[in-house]
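Annotated features in Swiss-Prot:
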- Thr44: site 'Part of a proton relay during catalysis' (SITE)
- Thr45, Ile204: pyruvate binding site (BINDING)
- Tyr107: site 'Part of a proton relay during catalysis' (SITE)
- Tyr133: active site, proton donor/acceptor (ACT_SITE)
- Lys162: active site, schiff-base intermediate with substrate (ACT_SITE)
Amino acid sequence: MLKGSITALVTPFDREGAFDEKAFRAFVNWQIEEGTKGLVPVGTTGETPTLSHDEHKRVIEVCIEVAAGRVPVIAGAGSNNTVEAIELAQHAEKAGADAVLVVTPYYNKPNQRGLYEHFSRVVRSISIPLVIYNIPGRSIIDMTPETMGALVRDCKNIVGVKDATGKIERVSEQRAICGKEFIQLSGEDATALGFNAHGGVGCISVTSNIAPRLCAEFQEACQAGNFAKALELQDRLMPLHKALFLEPNPSGPKYALSRLGRIENVLRSPMVTIEAATAEKIDHAMKHAGLIN
């Protein structure tokens, strides 16, 4: 169910900074029409830290409504407070999400026993699948393959991981410990080719916000074992993968989407719009990928 190109959706805001539901509905529909195989609302790219709980829940509800079962919706339900994560996960299930994505707790830096406790409590509070989001670059702490394996062994609804460690060897290590059926999704567009070669089955992608069709074709080539075609697509996409992260995400993707006329280029403080030099590099990368003239 969870494989291929899965988009970590931006949350559009209007010029007054409010959630732009109309733009979001059109954006979700466009993603599906372009071949995206799954949707992740209210993750990091969705500016979750600056959404109210009501907004967080509304974004999920709208995404599920527009998707209408055409592709799975993996709702963000992360928090560094276990009770809050449980409440968000339960709302996602009630709203009709197919799975939840739960990030490793950030800032308070739990140890491995704390990580086990957090995830086991969240997953036991719901009946839908849970995907672990391991991103040491933002959370500081790194869930080890051994802790992940213990969770998979003890909690049948922990079905996969979004791995943003940047360590390609982790795919093989987690495959050995968690089993070949454990779903491993890359959390980094630029390394997704190698990730898939090691046994990954897709990517929760930022770049697919802007280039959904190309990212879908890239993942399809990987899953078919056609790595020559995947490499050709990677060559087209790599400048965009890099340019979108020249400034903190999602400032790059929101600018690029505004260039495509999909959303307003509006972020919530403390996030700010990109500088002119960065915009020029993103424009160049979009031209290289064939997205603009």
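Residue numbering: from 1, along the chain as shown.
Every residue, even glycine, has its Cβ placed from backbone N, Cα and C.
Fair warning: this is a prediction, and the values are worked out from it, not measured in the lab.
Here the Cβ of Lys162 (active site, schiff-base intermediate with substrate) has 27 other Cβ atoms within 10 Å, regardless of which shown protein chain they belong to. If you measure from the Cα atom of Lys162 (active site, schiff-base intermediate with substrate) to that of Tyr133 (active site, proton donor/acceptor), you get 5 Å. The recorded positions shown are Thr45, Tyr133, Ile204; of these, the one with its CA atom nearest the CA of Tyr107 (site 'Part of a proton relay during catalysis') is Tyr133. The number of other CB atoms found within 10 A of the CB of Thr44 (site 'Part of a proton relay during catalysis'), across every protein chain shown, is 23.
Set side by side, the recorded positions Tyr107, Tyr133 differ in how many other CB atoms lie within 10 angstroms of their CB, and the most is found at Tyr133.
A strand conformation is recorded for the residue listed as 'active site, schiff-base intermediate with substrate' in the three-state DSSP classification. For the pair Thr45 (pyruvate binding site) and Tyr133 (active site, proton donor/acceptor), the Cα-Cα distance reads 13 Å. In sequence order, Ile6, Thr7, Ala8, Gly38, Val40, Gly43, Ile74, Leu101, Lys162, Leu185, Ser186, Gly187 are the residues of the chain that are 6 or more apart from Ile204 (pyruvate binding site) and have a CB within less than 8 Å of its CB. Here the Cβ of Thr45 (pyruvate binding site) has 22 other Cβ atoms within 10 Å, regardless of which shown protein chain they belong to.
Cα of Tyr133 (active site, proton donor/acceptor) to Cα of Thr44 (site 'Part of a proton relay during catalysis'): a span of 11 Å.
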